[in-house]
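Here's the structure we're looking at; comments come further down.
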Amino acid sequence: AQGMPEKQLGVLKALDVAKTQLYHFTAILIAGMGFFTDAYDLFCVSLVTKLLGRIYYFNPLSDKPGSLPPHAAGAVNGAALCGTLAGQLFFGWLGDKLGRKTVYGITLIMMTLCSIGSGLSFGNKATGVMTTLCFFRFWLGFGIGGDYPLSATIMSEYANKKTRGAFIGAVFAMQGVGILAGGFVALVVSSIFDMKFPAPTYKVDRVLSTPPQADYVWRIIVMFGALPAVLTYYWRMKMPETARYTALVAKNIKQATQDMSKVLQIQLEVEERAADIMKDPRLSYGLFSKEFAKRHGLPLLGCTTTWFLLDIAFYSENLFQKDIFSGIGWIPKASTMNAIHEVFKIARAQTLIALCSTVPGYWFTVAFIEIMGRVAIQLMGFFMMTVFMFAIAFPYDHWTKPENRLGFVVMYSLTFFFANFGPNATTFIIPAEIFPARLRSTCHGISAATGKAGAIVGAFGFLYAAQPQDKTKTDAGYPPGIGIKNSLITLGVINFVGMLFTFLVPEPKGKSLEELSGENEVGK
């Protein structure tokens, strides 16, 4: 079959060779705003967990401010992650059944309503507030989960083959902007409240250190996530269904050609013969067929395992930021601050890390992905994360001394930088490129959901693992763990294994989607 002309539909070829133009950037903006919202909603809660503890778990007899008991902290962090996992599988499958565009509208409405719901949680008793917060965060996660496979698939199907990786990467990079926005909103809200309602520190007055208005602070921060979602709804609904879905899955080549003539602003001819190609049985094998296993089994294994391993490391690092910052003295002792000022300090630390390492990492991927290729960036990222994890872990006692704090923060930032200029971005990009159109969104959803399973392991496993081995030093309600040092060594090993599994993944750089998925081998 080599050397024979490829049977790629004219309309898809036109998309592949199209010059980069306005609609590409509109698509980035539409899909990227979804991702911006996802990141904001998922990560903003880590800025307010300490505040929730102070408000709802206050104990006037304790010399430490109230903090969320393990089950509540776990539920708040875990509800959204579990929802996301379920949403990735469900909406990934639905996106291949109903079309990308339809499902994309549904996820957005869900995200908007549940963002608002999270801030309106009922009552003023701990149980009522926590229960309703977790309920809405689960469904918020469910909507966010749908955004993963759909944003990636839509971008990949709209892009041309020269810059496809960079464009999917740019959508993902909006995650970094969302994390930053979370930090900024928290800084602004906490500053305003701190000025308007000054309060003594916890040491000075246990009751007054948490002014009643503090309850609005976390609600405003959480609800703000609804805003970007609402703003993009209109644009999402105006965007036509992707040509690859319309032609290869819905098999309506005429419609695909008309849609893309409008988007590309050129006249495309409708191909008459194309319908026969589309009926080829080799284009209809299902997800659980032998044919799928033979063609895409190992790549799918590669996509799922690498994403799973990466997210264990990535989410455990992300959720521990505040513990690490307190440990090295970036955030003062809780009892020396009032409730609202603590939010400010935590947000400041997270925003600095995001500005210096998280955000640049994403854009490095966008800049270099079409030069280096996906697989090279992923291998490099896993390797560097392994190196920096070990470099932090083995001399961990050295880093905790006050004079070495700066070095510690630099090393910690570099692991984040190489997660994002590395596997955090590429594990999102590759599954949107290498599977056939009718299973693309499903396979991306499966890969992403395995990743979220890793995030759940990271977030929960390490909440317990990072506890000190000494019984007297653990956080209230936690059993002794293996300590931060051993936790970091374990994470280093996990990154190394991720690097090995990367070898199962094919390199999609510079190839058309149909070439990668074998959909153009038909009719040869």
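Cβ atoms here come from the backbone N, Cα and C positions, even for glycine.
Automatic, uncurated: that is what TrEMBL annotation is.
The domain 'Major facilitator superfamily (MFS) profile' annotation in TrEMBL covers 27-510. Under the heading transmembrane segment, TrEMBL lists 22-48, 68-91, 103-122, 166-193, 216-235, 351-369, 375-394, 406-425, 445-466, 487-505.
Per-stretch counts of Cβ pairs under 8 Å to the transmembrane segment (406-425) identify 351-369 as the leading one among 22-48, 103-122, 351-369, 375-394, 445-466. Residues 306, 310, 313, 365, 368-369, 408, 411-412, 414-415, 418-419, 421-427, 430, 485-486, 488-489, 491-493, 495-496, 498-499, 502, 505-507 of the same chain lie 6 or more positions beyond the ends of the transmembrane segment (375-394) yet place their CB under 8 Å from a CB of it. Per-residue confidence over the domain 'Major facilitator superfamily (MFS) profile' (27-510) averages 89 (mean pLDDT, predicted model). Sequence-distant residue pairs (6 or more apart) of the transmembrane segment (166-193) and the transmembrane segment (487-505) include fewer than 3 whose Cβ atoms are under 8 Å, leaving the two stretches without contact. Between the transmembrane segment (103-122) and the listed ranges 22-48, 351-369, 445-466, 487-505, the one holding the most Cβ pairs under 8 Å is 22-48. Residues 165-166, 169-170, 172-173, 175-177, 179-180, 183-184, 187, 321, 377, 409, 412-414, 416-422, 424-426, 429, 509 of the same chain lie 6 or more positions beyond the ends of the transmembrane segment (351-369) yet place their CB under 8 Å from a CB of it. Among residues of the same chain six or more beyond the transmembrane segment (22-48), those with a C-beta under 8 A of the stretch's C-beta atoms are 76-77, 80-81, 84, 104, 107-108, 111, 115, 137, 140-141, 144, 147-148, 150-152, 154-155, 158-160, 163, 167, 170-179, 181-183, 185-186, 217-218, 221-222, 224-225, 228-229, 231-232, 235-236, 239, 263-264, 318-319, 321-322, 343, 346-347, 350. Within its own chain, the transmembrane segment (68-91) is flanked in space by residues 41-42, 45-46, 49, 52-53, 57, 103, 106-107, 126, 130, 133-135, 137-150, 315, 319, 441, 445-446, 448-449, 452-453, 455-456, 459-460, 463, 475-478, which lie at least six positions past its ends and keep a Cβ under 8 Å from the stretch. Within the chain, the transmembrane segment (487-505) has long-range Cβ neighbours (under 8 A, six or more residues past its boundaries) at 298-299, 301-303, 305-306, 309-310, 312-313, 316-317, 374-375, 378-379, 382-383, 385-386, 389-390, 392-394, 396, 423, 430, 434, 462, 465-466, 481.
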